[in-house]
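Read through the structure below, which is laid out as structure tokens, and then see the notes.
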């Protein structure tokens, strides 16, 4: 029996290489493409960055510099237009009181990105490729479709952000529909940048992050937030006088920060470094430096998010529409119609945010805000394209040119966005962000559950598999994040006030929960809950190690095939 053969193989003495004990599951080799490529296929990690040698050094800045890049590209997802809108709404609705939620969400995001990076470093494969090898065909296709939905939803938010930024910068001369079309062409232009080398491309992303830091930092200095209230809101986990509105905003922060496609992206980006995966010391060192780099990158993205929250908390918390209308009218703003003459609390989005900054702090504040939004949208668009490429080639083993890949996803993202921009106004366009945040929240389990599953298996990760502490804490964190996001989805659906939509949502929820349950079952088996290992007892009838339950052979090694 194949099961018995597997068991025999695992019990045989494993050869040692460079001091590392190895077996057939120690190394995961990427699958060979079934078809010969007629043209060279270019990917982000086509040219790998060499890592400098260091003798008996605990820490080396030269090595950290060599590993710097993937973490900053990953951190851009924490600065996309959807996150910026969540930040400004948090400040306008709750003041500084929810900064601690942003801090906790960023820390949770860092821990999840650590798992993604470790999977890529240890196995030499990214998450989509591992899913392709481990899940049966039907679940794998469903998983791919869910992740693609998340990527398209994120792409739509980035298109909306860029279109609004161009409209603000041109003082309305570039209509929203034209801004949407412009984002098609500029994306293709930026994608040619990687022809000039990987490090130059990473430097360009670093430049865009710098633009965001300067733009939103300028607004921060201009507004002069109360530093005492800021620190209190950041480190005191309490929200005095908060109601359902603030609770929904807190949930929205978590949903905006932790994005599903970013887990797939980061596990692929780390493959761009030249690491000897046969050497345990080198793998351990790579994990360390990637974690340091990710920490620095997410700290910078956290500061930029804090800038935005603090600006709107200080300047616009508890402001009424009538107050804002009066100020905008006094400064001669052409956008006073955005703020009705009533005492309702000001509601802002990335478009209104720029307008109110211009009304209260001058035109320079509006234009600099728009530049920051444009940088956020453009950088997120490019990393989203990479995510889509990695997911497609990983799940389907389908290798398209980057041009074809961008054309497909951008067309899907552009079409509904363009229709809304043409036939509706900016209110409906920015209102799409709420739906898109819900869409991405629903896809979160399809990244978090697989990453915890595979990083917990010693047959995949060897000595780098999650320990008991990481398994328990990771499981709790993922359960908490998924529960928070499901609450966000329920709140959104119940606000639709349509019986037909309730029925459709209920039917979809049954299928959705069944699939999430399937992934969770596999995850629990990987975490060591052997009582759920029904498959090994029913199908095989022999006790098997839970690590092997999920796995197909990761390497095709003729020496061990019978």
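We count from 1, first residue shown onward.
Glycine too: its Cβ is placed from the backbone N, Cα and C atoms.
Per TrEMBL, the feature compositional bias 'Acidic residues' maps to 1-16.
The region 'Disordered' annotation in TrEMBL covers 1-37.
Summarising the annotation, TrEMBL assigns compositional bias 'Polar residues' to 20-30.
If you look up TrEMBL, you'll see 99-121 (among others) marked as transmembrane segment.
Here TrEMBL flags 174-193 (among others) as transmembrane segment.
The annotation transmembrane segment is assigned in TrEMBL to 205-223 (among others).
Per TrEMBL, the feature transmembrane segment maps to 250-269 (among others).
The annotation transmembrane segment is assigned in TrEMBL to 290-317 (among others). Residues 64, 67-72, 74-76, 78-79, 83-84, 87-96, 98-99, 102-103, 106, 109-110, 113-114, 117-118, 121, 209, 212-213, 216-217, 219-220, 223-226, 229-230, 233-234, 266, 270, 324, 346, 348, 353, 356-357, 360-361 of the same chain sit 6 or more residues outside the transmembrane segment (290-317) yet have a Cβ under 8 Å from a Cβ within it.
Taken from TrEMBL, the feature transmembrane segment covers 355-376 (among others).
Residues or ranges marked as transmembrane segment by TrEMBL: 407-424 (among others).
Long-range contacts of the transmembrane segment (444-465) within the same chain, counting only residues at least 6 positions beyond its ends with a Cβ under 8 Å from a Cβ of the stretch, are 20, 25-26, 28, 112, 115-116, 118-119, 122-123, 127, 130-131, 134, 143, 146-147, 150, 255, 258-264, 267, 280, 283-284, 287, 471, 474-475, 478, 481-482, 485, 516, 519-520, 522-523, 526-528, 545, 547-548, 550-551, 554. For 444-465 (among others), the entry in TrEMBL reads transmembrane segment.
Per TrEMBL, transmembrane segment is recorded for 472-493 (among others).
Taking Cβ pairs closer than 8 Å, the transmembrane segment (499-521) reaches residues 139, 142-143, 442, 445-446, 449-450, 453, 482, 493, 532 in its own chain, all 6 or more past its ends. The transmembrane segment feature in TrEMBL is assigned to 499-521 (among others).
Against the transmembrane segment (472-493), stretch 250-269 shows more Cβ pairs under 8 Å than any other of 99-121, 205-223, 250-269, 355-376. Here the transmembrane segment (355-376) touches the transmembrane segment (205-223). Their Cβ atoms form 3 or more pairs under 8 Å, with each pair 6 or more residues apart. Long-range Cβ contacts of the transmembrane segment (205-223) within its own chain (Cβ-Cβ under 8 Å, at least 6 residues beyond either end) map to 72-73, 75-76, 79, 300-301, 303-304, 307-308, 310-311, 314-315, 357, 361, 365, 368-369, 371-372, 375-376, 378-379, 382-383.
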